[in-house]
Amino acid sequence: MHPEKIALTQTVQKGGCAAKVAATTLHRILQQVRFPAAHSALMVDGRYFDDAAIYKINEQTALVQTLDFFTPIVDTPRLFGEIAAANAISDVYAMGGRPVTAMGILAFPLATLSEHIIVDVLQGASDKIAEAGANFVGGHSIDDDTLKFGLSVTGLVNPQQVWTNANAQSGDHLVLTKALGTGTLTAGIKRQQLQEKDIMDALESMAAINNVIDYLSPDLLAAIHAATDITGFGFSGHAMQLANASNVTLSIATGNLPRFDKAFYCLKNSFLTKAHRTNAEYTTPHIDDAKLDALYKLLIHDPQTSGGLLLSVVPEASQLVLQALRTYFKPAAIVGTVHPRQDKAVQFE
């Protein structure tokens, strides 16, 4: 069967980061697991739901380790590979690091899909890994009923320059680098109400690597107190995790949140995923969204795939950071401020 004749999204029930296990379910499971005591060299582990682990090698070098994979979110195999790779690599950038190696994680239904499809998926991933300056060094594959692909990525970072989601400080400005809405837009593709050509802005955004470190001077990099990437738990979920880890409250100017052109159209037409509901269940007790209309309430819970970075920046540097990032991240915007901890983790204005 010729690969161009197969719409990959029609071969799976859920696509992209919308296929994540619901956060409340995942937390309940993990609470029942006895993990060993953390090694003294482990700078960042899973306690604060950060984007990657950090393991200190010496005073100059630490390892950044992460893993991400999912089912197809688009119909084109090569584009799927690019997006899956960009999404996995993003976790390294969210910690302030640089990716150095990547290993593929592949499940593939050999009985129903042509080998040419996986060649294209792997080529897309390989191209994106090379763009990030890393090396594609191998991986593992299994014959499975559903196509799944992603990467295990290792990066390097100076231990003194690590970003985490636990250091946002009162007074900081919040910068978001990419627009929101990939969950509802790709749900439109899966429902065959949209074609890829209708949402090219979102597809290009998902395939773009979050290499903010390449666009900021050392002084501006040092002005970033905390960071996280916005993915499957939506803007609301990842903002809440950053606020909780940092013991602060985020005030979000919701009207400043960048969104893709057709995002509200898709939300109005109920192109939704299960993750819209589970993300709302996860965050609603901990956020104040009373001032938002129905569409914005859906948008903040929209599960992002390969979404942007949310950066907590020294206020004096936020405009300079924004100006530098807009060279590559054109939708980037200042979307809120950080305040001392209040009753709710995130307040949407």
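Every residue, even glycine, has its Cβ placed from backbone N, Cα and C.
Under the heading active site, Swiss-Prot lists Cys17.
The DSSP secondary structure for Asp68 (ATP binding site) is strand. What Swiss-Prot records for Lys20, Tyr48, Phe49, Asp50, Asp68, Asp91, Gly139, His140, Ser141 is ATP binding site, and it gives sequence analysis as the kind of evidence.
Annotation source Swiss-Prot lists Mg(2+) binding site at Asp51, Asp91, Asp229, citing sequence analysis. Counting every protein chain shown, the number of other Cβ atoms lying within 10 Å of the Cβ of Asp229 (Mg(2+) binding site) is 24.
Taken from Swiss-Prot, the feature site 'Important for catalytic activity' covers Lys20. On its own chain, Lys20 (ATP binding site) has Leu26, Phe70, Thr231, Gly232, Phe233, Ala275, Pro303 as residues at least 6 apart in sequence with a Cβ closer than 8 Å to its own Cβ.
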Spatial separation of Asp229 (Mg(2+) binding site) from Phe49 (ATP binding site) - C-alpha basis, Å: 11
Local backbone state of Phe49 (ATP binding site), from DSSP in three classes: coil
Three-state secondary structure, which DSSP defines for Lys20 (ATP binding site): coil
Which binding-site residues sit within 10 Å of Asp91 (Mg(2+) binding site) - Cα, from Asp68, Gly139, Ser141: Asp68
